[in-house]
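Visitor: Here's a structure for you.
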Amino acid sequence: MKYHSHIENLDEDGYTQLDFSTQDIHKRPRGSEKGSQAPSSPWRPIAVGLGILCFVVVVVAAVLGALGEYGHNSGRNPEEKDNFLSRNKENHKPTESSLDEKVAPSKASQTTGGFSQPCLPNWIMHGKSCYLFSFSGNSWYGSKRHCSQLGAHLLKIDNSKEFEFIESQTSSHRINAFWIGLSRNQSEGPWFWEDGSAFFPNSFQVRNTAPQESLLHNCVWIHGSEVYNQICNTSSYSICEKEL
């Protein structure tokens, strides 16, 4: 029998030197242990860059627009600014007539299509005249003066159709009376219109409201559908008329 010696590479003391060489050990690729990773997309950095570029462009455009608007406003000289402000105030400033006059809605404004073009604002057109129902209290003389300042006169009723129109307006304000352009110089004297023409009781009658001892009821107002004489210094509303 032959013995095969398996003792190799003995050192000086007789110990066997073990060879742990890793030449025969084959390591698996790292990718096989953890699994292969998908390569990253080459378009991702490009998309991110384009997004940042667009954002920068929008910001720059907004800043330039704001600077341009500021420069345009600051470039206007003081005189132009003052003129602009003054024109704006004039456009929004209410007129004297709009402050003094108040006009109630009426049937005539509905039947005639509102305030007609030939008449001024707050005036109502009927026939060949414009009428203003003034709701600022005044005496007969003060009302006459007020209508004259507007280029008109106190109401003069020429016929029954005109009286029906006026009655349709005043009937909706039965608690109020309106001065008209009819007066007389003395008690029991004849009535005259403001233009000096005589009054003829064809369309209406003037009812007497004065006691026997009073001599001051020398002016006329219309109250609802009735016409009365009254003291001229009494404060009341009025009706102005202007022919077209």
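Placed from the backbone N, Cα and C atoms, the Cβ positions cover glycine too.
Dumping what Swiss-Prot says about this protein:
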type	residues	note
DOMAIN	126-241	domain 'C-type lectin'
CARBOHYD	Asn185	N-linked glycosylation site
CARBOHYD	Asn233	N-linked glycosylation site
REGION	21-41	region 'Disordered'
REGION	71-113	region 'Disordered'
TOPO_DOM	1-49	topological domain 'Cytoplasmic'
TOPO_DOM	71-244	topological domain 'Extracellular'
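I would like each feature placed in context: is it buried or exposed, what are its neighbours, and how far apart are things?
Guide: Less than 8 angstroms from the CB of Asn185 (N-linked glycosylation site) sit Asn218, each of them six or more residues away in the same chain.
Sequence-distant neighbours of Asn233 (N-linked glycosylation site) (same chain, 6+ apart, CB under 8 A from its CB) are Ser139, Trp140, Tyr141, Leu216.
Restricting the average to the topological domain 'Cytoplasmic' (1-49) gives a pLDDT of 54.
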Visitor: For Asn185 (N-linked glycosylation site), which DSSP three-state class applies?
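Guide: In three-state terms, Asn185 (N-linked glycosylation site) counts as coil.
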Visitor: Under a three-state reading of DSSP, tell me whether Asn233 (N-linked glycosylation site) is helix, strand or coil.
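Guide: SS state of Asn233 (N-linked glycosylation site) = coil.
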